[in-house]
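What TrEMBL records for E81, D159, I161, D162, D307 is Mg(2+) binding site.
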Amino acid sequence: MSAINLLREVLKASEKAANIARVCRQNPILFSLLVQEKSKDESNSRFAHDFKTLADCLIQEMIKHDIGKQFPELRDNIRGEENAKFTNTAGESIIVSVTDDPGNTTKALEKILNGDKVSAAALVDEVYREVEIDFESLELPTDSIPLDNDWSQLGIWIDPIDGTAEYIKGEEKLTKYSNIVSSGLKCCTVLIGVYETCKGTPILGVINQPFAEKISNQEEFREEYRSKIFWGLSVGDLKFNNIASQGTDARIAILSPSEQSKYVEFIRNQLKYDVVYSSGAGYKILKIATGEAELFLLSKGTTYKWDTCAPQAILRSMNGDLFDLQDTLINKSVKKISYLDHKVTRNIGGLIAYQNIDKLREFLKL
């Protein structure tokens, strides 16, 4: 069992997911057909309206299929945010599925898209396309890294598009720091996290930003996007990642715009952080990993295991971690976010993330 083989497949799946997200977002006809409001059972209580898109569902099922095909023992332990059921404008409910037969996927998409064969074919092409990735540029370890557990003792949490609201709106707003946006497509991430089911510990995480870099297509006179991919791996005492620190002298805390005022005031006045607001849990925790912000804190239980598994694995590969905020404040201990029970999906006690555990200890003293 090689961790590098699994990492390669997760990286490929993340980039295929990014391609699907871009195809859906850049085709105005297709995009107008894809957005659907979640049911009350699915929605996040933090939002008045919580949407899912066909891109979310299709990406999730594609990742399940692709990774499950390479590692069959893992297949039953791959879980994601989205319900695979989508309802078309005629009121017909269709299960979005990806199988070895592209024809089945095509038929399901045509039903969802009310017989739009061209759009369905465009999506199917991306789902079954072989993705080329420059693994050398992603700085993968050259040696084989054995895993302690067999594949059946690993689980995967997927957030196909973290920041769906930003994906739909696409309206970019900047903070005073040029490398941190408060909203927009850059906040959207594909999150794939692998954890040990027996310990509940994340060991491998990939964060793909599908809209990280805007490039001009001179031939077709339009703008396109390119991904930026981050990964982290920690197996026993071995820790690897491809993140180059972009640390700043500024003392920055990155928070949700809906954060409670008492926490904002404490962070700003007592801890002397410069507070910036941004969207997307994956994006905010990524900024902790890259060193562009020092503290991420979320006091409400509005994130889920699919939001945190991948970024937490990356933090762990850097000797950082993600902790239960309320337990940390009440017990003055450092209770790490765990994935031991896959039926408990919400991070009820909120979150606090540091790349440097010593900084967390300073926080606890205050």
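Heads up, residue numbers simply count up from 1 along the chain you see.
Placement of Cβ uses the backbone N, Cα and C atoms for every residue, glycine included.
In TrEMBL, annotation is done automatically, which means it is predicted and not curated.
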Close in space, distant in sequence - D307 (Mg(2+) binding site), Cβ under 8 Å, 6 or more apart: D159, D162, L191, A281, G282, N347
Fewest other Cβ within 10 angstroms of its own Cβ, chosen from the binding-site residues E81, D159, D162: E81
Extra residues within 8 Å (Cβ to Cβ centroid of E81, D159, I161, D162, D307), Mg(2+): D56, I158, P160, G163, T164, T189, V190, L191, A281, G282, Y304, W306
